[in-house]
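Look at TrEMBL and you will find B:12-30, B:42-62, B:95-115, B:127-144, B:182-203, B:255-274, B:280-304, B:378-400, B:420-442, B:463-488, B:508-527, B:610-630 (among others) tagged as transmembrane segment. Under the heading domain 'NADH-Ubiquinone oxidoreductase (complex I) chain 5 N-terminal', TrEMBL lists B:78-128. Annotation comment: TrEMBL describes B:144-433 as domain 'NADH:quinone oxidoreductase/Mrp antiporter transmembrane'.
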Amino acid sequence: MNAVATVVHAVDVTPWEMPTLDYRLLAPVLIVLGAGVVSVLFEAFLPRGVRRPVQLTLVFVTLIAALVAVINLNGVRETAGQGALAIDGPGLILQGAVVVIAILGALLMAERGLDPNGDAFAARASSLPGSEDERQFTARGYFQTEIWAFFLFAVGGMMLFPIANDLLMMFVALEVMSLPLYLLAGMARRRRLLSQEAALKYFVLGAFASAFFLYGAALLYGFSGSISFGEIAASLGSKTGETALILIAIGLVVAGVLFKIGAAPFHQWVPDVYQGAPTPVTGFMAAAVKIAAFGALLRLLYVALGGMRWDWTPMLWVISILTMFVGAILALTQSDIKRMIAYSSIAQAGFILLGVVAVSAKGLEGAIFYLIAYAFTTIGVFAIISMVRDENGEATHLSKWAGLGRQSPVIATLFTIFMLALTGIPLTSGFIGKFAVFSAAYASGDKWLVIAAVVASLIAAFFYMRVVVLMFFTEPNEETAIVAIPSIFTTIALAAAATVTVLLGVVPQPLLDLIANAGVFIR
Amino acid sequence: MQEVMPATGVFSLLWLLIALPLAGAAILLFSGRKTNKWGPYLGVFTVFVDAIIAIWMLIAMMGNSAEQRTFSQNEFSWMFAGNLKVDMAFQLDQLSMVFVLLITVVGTLIHIYSLGYMSHDPDKRKFFGYLNLFVAAMLLLVLANNYLLLYVGWEGVGLASFLLISFWQIKPTAAAAGKKAFIINRVGDVGLSLAIMVMFVTFGSVGFDEVFGSTSQASEGTLTAIGLLLLLAAAGKSAQFPLQAWLLDAMEGPTPVSALIHAATMVTAGVYLITRSNAIFDAAAWAATAVVVVGVITMFMGAIIGSAKDDIKKSLAGSTMSQIGYMVLAAGLGPVGYVFAIFHLLTHGVFKAGLFLGAGSVMHGMNDNVNMRRYGALRTAMMVTYATFIIGTLSIMGIPPFSGFWSKDSIIHAAFESNTLVGILTIIAAAITGFYMTRMAAMTFFGKARWEDGVHPHESPKVMTIPLIILAIGSTFMGIALLFWGNIETWLEPVTGFEEKHIAIPEWALITITLILVLAGAAYGWIQYARREVPLVAPRGNWLTRAARQDLYGDAVNNTLVVQPSFWLSRFLVWFDGSWIDGFVNGSAAFFGGLSARLRPYQSGFIRSYALSMVGGAVLVVLALVLVRLS
């Protein structure tokens, strides 16, 4: 009752004033979202033939412009949009990472050299799978360029997510990011039923998770009388009583975000969606959503709920251990490489949670480094998955990867590098990332959590290495897939992913310094 | 005190000395068959350019005053971990300079010789790639300005040596010899790495300047430990007792390799290490004494083995052991001996390379037969090889005015300066040298022809004989040149220190006694092997000969003391690994696999069950929060 009274009071006295907006600070997000609108207009008015080159130009110019705008904000540390957005070091690094990963993701999505029928997307998403329409559209060589509008909106949402500084903005960002992804997930050219099922599952469960978030946000507002993270933190520090309300609120809000990072027990959508979605979309989603959602989770927990850390760290302990082990153990028995990588991404989310649980500057740095390293590796993994094919499209069953090392030593070696990075072997980025979060958690006194994480890493090593063994130490047979030669798009993305994976393993210091110099979240 | 100069002018090319052969090795080893045609010439070219740069540097260095002959070049910060800071930095001083010259000039000659010697080998390109790799690593070893970088070169030459010994790995003996050399060298390498660790703990640095500048702060016990560890390292690399067993087997490699790596350069790395670390040995008397003892033992072992072997290369290998024994004992004598150790190292590098290449030339003409009992009377068949080999023989025996005389005599003199017993022993070893070298020359070039059927000895091509001639000229004049014109003592003195002591015996008397004994040994060898018939099958011989043929039972000792216990240990470990470790691993794999299979059904694909699990998760999250608050 008390809380409600405060709200009513607040509404009474606050006069309406025109919000002041600093467009320089908003530029990165505005560029991308604006380009999304332009992309829709292009889709509506341009003739079919020129859409692809125009859209691709728009996307890449936009992303590079957004990257420049982010870099331009280097050193800024203030809030924008009446406190709704926080432009600070970690936020900008995460934004920059999202943009760079989006560029690589766009390169994968633009690929048309792998599938004999065109790109990875259905000729017309509206046609019924298996129908005469579908055959017609495919035969006529129709393509969907609408994906680029969705893509740009999703990127805009992802860039907004880690800098959202109040509950409402965070929710909006969450939805702007998610809705286009639900659609993109359902547009696979092959195995369309699986893809559509995945999209529907993703959408329904995502909506469900959003409901959690929204309900929790409402309760937090009810408790503190504000949606701003700073004021929530202040009222958590000053107010007592209403314990049940605040605990339920935290639980629900955090659960909503944990869904997006794929933490157990909110993880069950991950394998289905990763498997069903078009592989380039999976790669982009797996890499970029992790960055954005972890950024949001970190800001939410560190800034808004930092005062309650003694309440939520044990809960995250449990979630983290559960996530690592569920991901690692279930990956052991997967026979489909996309599902296996999906479970691996669940396990990796568990590892990154160690950096969150540390609740320290070191933990923040470690988590950010891990996210960036992981994102590049993941893009590379899915780039290769999209290249390994048989006559039915991508050959995702593991048995088809047997002996791949004999037939395509270069690709198999690159895949091995990515697997080593995901395992966390030295001289790859994965090792530095694991070391950073593990040591941060250890320094914060979470010894047992680190031991659990090491055990989970050991279990995970088994299934990563299994692919390597399969590729190199098994004789090829007539089932073995062949590696399609990609165009320049996938080649660039793959080369970049492999280079960064090795480079961050050999000379991690520049990036570590960059992250360390970025400081902590603005309060 | 030495002043450290920045590497300007020609000295700014220091890095290039290493980079050139390294690039050569990379190109030759990674480029594939396309480079087969011109690859070997590239290999020769890189070392040749290195030799020119080295000579240029020598001239520039001689232009500076004695205190200004140390040049240092810092490339970049190599390692930075806690207190350990190591730079990729090179240092060229008088000691490094003579090594650089030896490596590049002798290296060039051997590269050229190899063009002829290896001309029919299908893997010629690979061979030159390995040779280039060796030169790069050896230059890194002598140019490093800290022990850690030296260690990189040390391991690099070990690797190159391994690759080249087992170059003809189709032969099981060559493959085994390569492994043997590598493994025995590891023992020495462990010594070096431990020495570096002790240095870091004691001095907080592994740089030469820092370590040598602060020896007074360390206790003598620590310094003795470092010295003994360095001696172990030197023994491994220089085939000194008790790690000598690999060198004889290493003769399985192509003969140019034996000349370059196992006579002139790599095996002298141990002498370099001891001389370079003179500040440590000067402050650790016990370690220095151990060096002398090891040197003396090896000097005799090598000489005895060299006297009994019928394989020309193994006989030369024994001789190499013996001569390096001389150098090591000289280095152990302290400031009276360092410069002469290096002096003998240089002259030996030249005449022994010549002898090995001469042996290679003989083998080339004898269908690769190495058994001297099937040689004989070759002096007419191969005139150039004969003449150059004899010059090398006279040089190693220490006959004036050949270069070996000056350097060996200096060592004998220095030995008398510090200990009469050691002095007498060096003279006796010199007499044995006279015997086995005469025996080798007599069995090969004199007496009756004992050739196998179908062998038609012929002189080698010019590409092989010209290096022989150049090395023979070096074997003749280098001693005089270095001693009287080059003033080797004053040249090296700023780095190693030098002192001269008076001895009771006058110089001329010492030389005369030595020469008489050497000639006596030579005469005995001549009577035995040139005058009398040499039997085709070796006679049984006395116990010493039989022992020497077995490398003085070096392998048997290693086998009993090291190999057999290792086998037992490894059998135990295999059992332990199989039943305990694997049992645990397989058990846990089965456990988690089973767990995985049991959890899989919960991933049913039904959206309702997923949603239920999310609700359960949310409840779990809230419950966890509440529980924490309640507790």
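Backbone N, Cα and C atoms are what each Cβ position is placed from, and that goes for glycine too.
Those TrEMBL annotations? Automatic predictions, nothing curated.
Using the rule of three or more Cβ pairs under 8 Å, pairs at least 6 apart in sequence, the transmembrane segment (B:95-115) is in contact with the transmembrane segment (B:255-274).
The DSSP breakdown of the domain 'NADH-Ubiquinone oxidoreductase (complex I) chain 5 N-terminal' (B:78-128) into helical (H, G, I), extended (E, B) and coil residues amounts to 29 helix, 13 strand, 9 coil. Between the transmembrane segment (B:420-442) and the transmembrane segment (B:610-630) there are fewer than 3 Cβ pairs closer than 8 Å, counting only pairs 6 or more residues apart in sequence, which means the two stretches are not in contact. Scored on C-beta pairs under 8 angstroms, the neighbour of the transmembrane segment (B:127-144) with the top count among B:12-30, B:182-203, B:378-400, B:610-630 is B:12-30. Same-chain residues lying 6+ beyond the ends of the transmembrane segment (B:182-203) with a Cβ under 8 Å from its Cβ atoms: 84, 147-148, 151, 154-155, 158, 161-162, 210-211, 214, 217-218, 222, 225-226, 229-237, 243, 245-246, 270, 273, 558.
Long-range Cβ contacts of the transmembrane segment (B:255-274) within its own chain (Cβ-Cβ under 8 Å, at least 6 residues beyond either end) map to 95, 99, 102-103, 106-107, 110-111, 113-114, 117-118, 131, 134, 138, 141-142, 150, 154, 157, 160-161, 164-165, 167, 188, 192, 230-231, 233-240, 247, 281, 291, 313, 316-317, 320, 324, 327-328, 331-332, 341-342, 345, 348-350, 352-353, 355-357, 359-360, 363.
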